[in-house]
Amino acid sequence: ACLVPICSLHGSAVTTVEGVGSIKTRIHPVQERLAKCHGTQCGFCSPGMVMSIYTLLRNHPEPTPEQIMEALGGNLCRCTGYRPIIESGKTFCVESSVCQLKGSGKCCMDQDERAFVTRPEKICTKLYNEDEFQTLDPSQEPIFPPELIRMAEDPNKRRLTFQGERTTWITPVTLDDLLELKVNFPKAPLIMGNTTVGPSIKFKDEFHPVFISPLGLPELHFVTTTDDGVTIGAGYSLTQLTDSLHFIVSEQPKEKTKTFHALLKHLRTLAGAQIRNMATLGGHVVSRPNFSDLNPILAAGNATINLVSKEGERQIPLNGPFLERAPEANLKSGEIVLSISIPYSTQWHFVSGLRLAQRQENAFAIVNAGMSVKFEDNTNMIQDLQMFFGSIGPTVVSASQTCRQLVGRQWEDEMLSDACRWVLDEIHIPPEAEGGMVEYRRTLLISLLFKFYLKVRQGLNKMDPQKFPDIPEKFLSALEDFPIETPQGIQMFQCVDPYQSPQDPVGHPVMHQSAIKHATGEAVFCDDMPSLDQELFLAVVTSTRAHAKIISIDTSEALSLPGVADVITAEDVPGDNNHHGEILYAQNEVICVGQIICTVAADTYAHAKEAAKKVKITFEDTEPRIITIEQALEHNSFLSAEKKIEQGNVEHAFKYVDQIIEGEVHVEGQEHFYMETQTILAIPKAEDKEMVLHLGTQFPTHVQEYVAAALNVPRSRIACHMKRAGGAFGGKVTKPALLGAVSAVAANKTGRPIRFILERGNDMLITAGRHPLLGKYKIGFMNNGVIKAADVEYYVNGGCTPDESELVLEFIVLKSENAYYIPNFRCRGRVCKTNLPSNTAFRGFGFPQATVVVEAYINAVASQCNLLPEEVKEINMYKRTSKTAYKQTFNPEPLRRCWKECLEKSSFYARKQAAEEFNKKNYWKKRGLAAVPMKYTIGVPIAYYNQAAALVHIYLDGSVLLTHGGCELGQGLHTKMIQVASRELNIPPSYIHLSETSTITVPNAVFTAGSMGTDINGKAVQNACQILMARLQPIIRKNPEGKWEEWIAKAFEESISLSATGYFKGYQTNMDWEKEEGDAYPYFVYGASCSEVEIDCLTGGHKLLRTDIFMDAAFSINPALDIGQVEGAFIQGMGFYTIEELKYSPEGVLHSRGPDDYKIPTVTEIPEEFYVTLVRSRNPIAIYSSKGLGEAGMFLGSSVLFAIYDAVTAARRERGLSKTFAISSPATPELIRMTCVDQFTDMIPRDDPSTFTPWSIRVS
């Protein structure tokens, strides 16, 4: 929707998510099932999911699971981990969506039925009841309006012109009319899908006074087939192209359709379904993007472009010169692309498309290729060879010299090694090339060429097995791309006690209280709040230097632009501009790229943004500029003092061990990528300097504090309202306070309401994310795998201001042993101060980074002892009630149980054996397995941060209004609180309403973070309800058979207060850093996960085959929400450890500022088989013996990282390389490929690092 120009919708009928179904009328089955299958958490992405599935169902009422996967391929979700969303879609498929192990009819979880019999509690696997679903009735859908059909078919249609302030939009109705317009406006772009021009206007500030849009011209929409090939109209969308090619492939013999097969393979993963529905073949060809997945194949398949102009028609070849934009091969002025002709392939002609991207679909290729070879009949003598590579330069590049030199050669190994050398000579990727990954991209050039070579060898063998030997069997798997499978899975949890009262919702998988509203798009987020009178929009001006003096700020041009109300700078802050070290508006100097210098307030966002570009700032760079942890260590630049925990005598122990190893581990950061960017609405009041803010935050009290400090007014004048946030993950704990204060200062200065919404690029730049970490270890151990001593140092990149970095570091040091007991253990940590935007809280709060180091040294020990890592984990794991390194007592029994069940139920050792068999038979693909245990904690070591309050009102009709200090971020906190109140008041949940969180109702609430939202607010709600029930007790005793409503009426008559404040003092945690001991956390959450992956050693791609998670949930208040949290955190963790990669320039500029350059997991990344089990234990300290599971799953994603390393180790072993190699995170395709060293990585040219400045560097 963000790309569709309004003018192009003339004659269309638009159905929005509210039009599909609404809570006001009736909801649609798609919406109902998404909600009831728990496919929505924060709800921000849900309307998009609904529209994707709805669109599919309108075209295919009985879809296949593959079609569901394809339809959702262009949608992102950061909360759920996708499994429940796919499942909700699969309920519309004809075949049953219940996994009966891939059609064998046996359930894979019945491997050992006896194991379940001994258990007292019953295991449930149904999180929703399909019998409740409405049936889908396609006849009830709205029809396409007949008047629009009549309009489209009107023979006297006339040219359509829309005239804007600065631009004109013209829709011609005939081809002649279009050509006439092209002569009159030779520079005007032709707009069809707007997938090229749209982004250029938005991101590159392109401007066009005239747009010509030949939408719906019949001359551009056709397919014709001749004996030689197929001609397809330039107006065909990529989806229509796909459908046509599928039809042709089904009709024609295989040897004629090699080019079409290659195109179809790339069309499946090109962008997402939404883009493919819009983008056209002609637009794609003529815009010649350097990353094009189709043009290299079309060129290799000898396609031609049919052009037309006023002068007539002509053909030009779609070849190297055209793709490389050679002037003589270009379109002439006034010409347009009419169609593309693709010839059939012949028997001795092979065509292939190859690509590798950071993510399987919806990601630009890192390198892609189209290759073809034609042999003299019945020989393997090259008659014609073509190779085109994309994503390696400003245009698609043809290796034409190499191809010419190889003509006449035979297709054999010697030819291959010449071809590889010559391609590397001919195609030069400079060392400082944009996009980085230079050595990787050079390696991919020849790795993809090798794949093509094998494919052709195999093809020749099929045609004449006598003459042409087949490729080695061990190489066969190199030819197969990873398939996109529909995930299967089971979620297991404890059934509700059959004796529990039927109306008590606790323990049931209750749907999220706003789920239906999420699915209909009627859940109100800040940005959905209607505009206010005189409201202004805010745009930011940020620093472009990492460390510099501000010499001057010139706002004169910006202020003269239309609609601009004011420019706000540090001078306009009435109170603190620097509160606790956090700076609102930069003053005199900037300390990172992305620091806010000033903001522009204007009547529309477009005006504000335009004016922000016109603010002129002059800088003078200052030294030092510190970007990386290493630079910070050189300059001794820290944000806080060292934190240390020590037990035993480390130095002494090192003298008495068999072996000592040392190493270091780099873990890069992570972007929160919440779906709803930071959004604030600040409304100044006319009296008493009051101000009201509506925003998505995890910590309204903090926003109130910063706004009050900035405006220099008491906190009682500032009201913060928080209804829901579209995801937060820690990124909305401290940052909204800063941005809220920035908006409040603007609202205060202008006296008008301010709406401040960060665009994704600015959000990623300004708010930063997870701390990059450098871990150094020295480990002493015995030859049998027992670790005797560990000395570990952690450094995190805190950025330029304190934020929460010190607390993150404390958590890292306290949790740094994970599940292992090491008698002599020392851990030290420091926060580095750098000139990067300040890093902040992120789900897991340091633990997911730090434990990579722990698991890395366990792996290193295993490697030295020739043991499996899992055996070393078992040997060193806590076995009995023990004390942590900081002297907190705990019982690891649930940890042992999760670990044991994980290895057993996942058949770990049997599958490990099977993977080894697979690895023996496959040289270029390897499988790896890893299991990781986890000892996690919730809460904070500071007792007063664990307190909470609630406010419960009972009204005279018996309805209840519930408020508490926690924030609803998608985790279902409000849903659980309603469950608690329902049990305590003994009334149905339908009686209870929860509207919002605000500083007016519950003051001084702490942050909703650290997995403790339910723990502390649940206790407060319980307390309030129990106070009310105690007051009602005398009335109930007099009339035990009465109804709730009668009791309430009677209580009012007897003047009994029906409102109560509940309070929970908090878990009494403490930590004494002087003594290095304390009861730092209220309790532990244990878990284990096992993952299996397959890697492609030639490209570095990987596929996650299966994951089993066992999480100690104690007693789950709501298994649907808890499993949702575990799965969502796991997928977020898996992204963090594999494909999510933040890239910074050596000058401290963040390159990855949007979904184009930062890849979070999509539906294709989740495990093909995904099993989650909530393990029962006891936790009497918490409400209803539950446990906080919001963050714990994050680290379990590292089982994927270590499974990848297991596979990489297998590849290196076979190639005779050293067993030990540095482990770092994320394990991107680049890292996997370059660690699997082979003849191709040895062949590429390498540059001397001192001779160039790389495009990006790591900051850990």
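Placement of Cβ uses the backbone N, Cα and C atoms for every residue, glycine included.
Just so you know, TrEMBL annotations are computer predictions that nobody has curated.
Sequence-distant neighbours of Cys2 ([2Fe-2S] cluster 1 binding site) (same chain, 6+ residues apart, CB-CB distance under 8 A): Gly198. According to TrEMBL, the feature [2Fe-2S] cluster 1 binding site maps to Cys2.
Under the heading [2Fe-2S] cluster 2 binding site, TrEMBL lists Cys42, Cys45, Cys77, Cys79. There are 30 other CB atoms within 10 A of the CB of Cys79 ([2Fe-2S] cluster 2 binding site), with all protein chains counted.
Listed in sequence order, the residues of the same chain lying 6 or more apart from Asp293 (FAD binding site) and placing their CB within less than 8 Å of its CB are His266, Leu267, Thr269, Leu270, Gly353, Arg355, Ala365, Asn368, Gly390. Residues or ranges marked as FAD binding site in TrEMBL: Leu190, Ile191, Met192, Gly193, Asn194, Thr195, Thr196, Val197, Asp293, Arg355.
The substrate binding site annotation in TrEMBL covers Phe845. Taking Cβ-Cβ distances under 8 Å and a sequence separation of 6 or more, the neighbours of Phe845 (substrate binding site) in its chain are Gly730, Leu807, Val808, Phe811, Ala1009, Gly1010, Glu1191.
Per TrEMBL, active site, proton acceptor is recorded for Glu1191.
In this structure, the C-alpha atom of Cys42 ([2Fe-2S] cluster 2 binding site) lies 30 angstrom from that of Asn194 (FAD binding site). Those same-chain residues not listed among Cys42, Cys45, Cys77, Cys79 yet with C-beta within 8 angstroms of the centroid of the [2Fe-2S] cluster 2 site C-beta atoms are Thr40, Gln41, Gly43, Phe44, Ser46, Arg78, Thr80, Met675, Gly726, Gly727, Gly970. Between the candidate binding-site residues, Cys42, Met192, the densest Cβ environment within 10 Å is the one around Cys42.
If you take the C-beta of Cys45 ([2Fe-2S] cluster 2 binding site) and look for same-chain residues 6 or more apart in sequence within under 8 angstroms, you find Asn75, Leu76, Cys77, Arg78, Cys79, Met675. Counting other Cβ atoms within 10 Å of each Cβ, the lowest count among the binding-site residues Cys77, Leu190 belongs to Leu190.
Counting only same-chain residues six or more apart in sequence, the Cβ atoms lying under 8 angstroms from the Cβ of Asn194 (FAD binding site) belong to Leu3, Val4, Pro5, Ser8, Met278.
There are 27 other CB atoms within 10 A of the CB of Glu1191 (active site, proton acceptor), with all protein chains counted. The record assigns Leu190, Ile191, Met192, Gly193, Asn194, Thr195, Thr196, Val197, Asp293, Arg355 to the FAD binding site, and the maximum Cα to Cα distance across that set is 29 Å.
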